[in-house]
Amino acid sequence: MKVSTSSSPDYAKKLIQNYVPVYVMLPLGVVTTDNELEDRDGIKKQLKQLQAADVDGVMIDVWWGIVESKGPNQYDWTAYRSLFKIIQECGLKLQAIMSFHQCGGNVGDSVNIPLPSWILKIGESNPDIFYTNRSGTRNKEYLTLGVDNQPLFHGRTAVELYRDYMKSFRENMEDFLDNGLIIDIEVGLGPAGELRYPSYVQNQGWEFPGIGEFQCYDKYLKMEFKGAAVTAGHPEWELPDNAGTYNDAPESTEFFRSNGTYQSDEGKFFLTWYSNKLLNHGDQILEEANQVFLGCKLKLAAKVAGIHWWYQTENHAAELTSGYYNLKTRDGYRPIARMLSRHHAILNFTCLEMRNYEHISKAKSGPEELVQQVLSGGWREGIPVAGENALPRYDHAAYNQILLNARPNGINKEGEPKHKMFGVTYLRLCNKLLQKRNFNIFKSFVMKMHADQGYCPNPEDYNCYVVPLNQSKEKISMEALLEATEPLEPFSWERETDTPIGGPFVDFFNRILYIFK
């Protein structure tokens, strides 16, 4: 263990409260589709390198499509148990993702891990179990939330599938849960494990910065919408047919253009219904997760996607198709944070590394303001917020932006800062990260995240308490959740981090570089 170089123990005790733990996402295919641990010696060597760099832990996808691949209720955890044991031997903590989605077909997907074959078999005779766009194209990344409570899977509903998987995980990983290896369980709630609809899909032709498409045209969601419209006294209202296609710009569609359908009563009703379905989906599955892991010394977590393109427009089109009903006049993220608060869950957000100027101007991207809005909403709702980078980056400027977002107001030399992230996960472990130059920069980043105090084995020293998981609070009514849609100014952020790596001018030179590009 490294210790502070400060000569004052009291000073070090105050400074350590600025410590933000760093985790590293393991490779997508570290456990193969054949349910085998790939390159045991190689992964152990890499984990030891991370441990020597003072990394706090690692994050791993625990793929449904691998573990329950042989048939309903036939779980095989052997490879993951072997991997968890190696992680423990290397002195690292573990964040485990209950990955109920497919790997393959999107940005960064280097391997292909489909949903369990027996699930896909059911989909052959009933393709409406999958998300569907207006043209009828199915998406096999994740089961549509329309079947959350439909007993279509050998007598089980989708929510029961997820619950049973988590129950089996707890039963088979009891020793790792008891000895403190596993510190949080991130519950996959949609494509890429994120609480969203699969509105932008590369293998269906989407390209950045396309607005994406609504994904609610399977027969189950169509039926639910029709019922909701009838109850609201408008049986004539239909799902949108004028919202364009994946690669459209907002203004080219009737739905998203200025004074478009999204601002009409019918459009507002649809967007409220669409986003509320997502809230209910997350709430229901997290309640099951809470019951499964009740009493375990860990946190639950859920990931929200960083849909930053078209953020600086009136319509926020890409967010709306993803299920985030977020406008200048309506906060689409704080209701999610409020829902998570009843399950004592962490809000995990992406795109921490991005600056606005790094994206083409026509995309109207606003990752900096988006991160500020979402993190501020989480803090306002009294929940811990964590995050990760969206794309692999190895440069000083990206690390400095993550540092800024991890401590928006900088280091507090007198104790805990006003706002601090609960943890940051770097995406991801690979040979390129471990190249000498890249790894040296990464090690500097880890040290700065740790407030220059070196590795701290006791989270309580930096006020990250991991206690036995309490039971979910009483269900929050939709009316109370939607009170959180009131837009509020985000908390203040410094312009740059006060603990930069690479020198004070690195961001300036990076900005000039992008201008020349």
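Just so you know, the numbers here start at 1 and follow the chain as drawn.
Cβ coordinates come from backbone N, Cα and C, glycine included.
Noted in TrEMBL for the protein shown:
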- Asp61, His101, Asp109, Lys303, His308, Thr350, Asn389, Ala390, Arg428: substrate binding site (BINDING)
- Glu194: active site, proton donor (ACT_SITE)
- Glu388: active site, proton acceptor (ACT_SITE)
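Other C-beta atoms found within 10 angstroms of the C-beta of Asn389 (substrate binding site) number 22, with every protein chain shown included. The two recorded residues, Arg428 (substrate binding site) and Glu194 (active site, proton donor), show a Cα separation of 17 Å. Neighbour counts of Cβ atoms within 10 Å were compared for the binding-site residues His308, Arg428, and the top value is held by His308.
The two recorded residues, His308 (substrate binding site) and the residue listed as 'active site, proton acceptor', show a Cα separation of 14 Å. Each residue contributes its Cα atom, and for Asn389 (substrate binding site) and Glu194 (active site, proton donor) those atoms are 14 Å apart.
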